[in-house]
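K.L.:
Just lifted these from TrEMBL, have a look:
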- 91-106: compositional bias 'Basic residues' (COMPBIAS)
- 118-337: domain 'Armadillo repeat-containing' (DOMAIN)
- 34-71: region 'Disordered' (REGION)
- 91-116: region 'Disordered' (REGION)
- 163-200: repeat 'ARM' (REPEAT)
- 6-25: transmembrane segment (TRANSMEM)
């Protein structure tokens, strides 16, 4: 019985090794042949197929050396020790299996096909790698493959049905920033789907906390912001971020241009929902928020910020809510808008901005703010 059990374990190891070689080859080949797609956060709706509309963006850096074939990863069995004759033979067999897998893929793929799109069986193998492997480079390669495939609508349902959502979400607990970023990318692509969003909502608080506490302007922070932005394209889960709005304003004020724009996309989703207006007005904003209305500030940042303030201003019924205005604390967004003269000075300071769209948006914002705070009946 002991001998049979040992043979069984060795056989299982060989099968897993062959499968891993095949999967890892597909992952690294996918890195060379296609660029990772990711759903960029922004306001949007759920389409008829159950997917939320949204653009895709390229997550690969321009300095990837795609011509270096030696970067392909080959899985070696644990007994293939370097420097021993048996280890040399085992490593040679592993390389041979990987080569056979590569040739099989090339032979099966048609000239016009994209062999980075995996079948359900292959996706299952990749998910097994994510669930069982503890090696960062294997996890990274597997998550890259899942991210590529999750960019396609038909694969989002398949990955969910294979139990992929909790498997990938578990990786969020890792301390490896590269692996965590790739896991967030996968979840972001999967979140462009109504049913997936319903199941991913239980991870929103963790993603929110990780995003806020991550290193400022880091890739993990940006990936987390994109996921949260996608999760708030509809009004259903926005209330889960109500207690973190002040932190988002803090990130906006302290972050670089890329972080600012991503936070603005998230806040814009919230500002378009009238039910979130009081939460936004209650949020504490940095004193430096007014200084962002500057000629030196990026045009897109100014325009998006003005749209957010305009939406909040439109959704808040100033006259109807006058008895409850004392519920907003000092330093809140409400007081930022309420201090009209200070706000006016900051905004009017960029009326001479060289960009025509900025000047038009400033004029529109100031007109609406004046109308709401000083209604005609009080003239």
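Using the three backbone atoms N, Cα and C, a Cβ is placed for every residue, glycine included.
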K.L.:
So, by DSSP, how many helix, strand and coil residues make up the repeat 'ARM' (163-200)?
P.N.:
31 helix, 0 strand, 7 coil
K.L.:
Over the repeat 'ARM' (163-200), work out the mean pLDDT and round it to an integer.
P.N.:
96
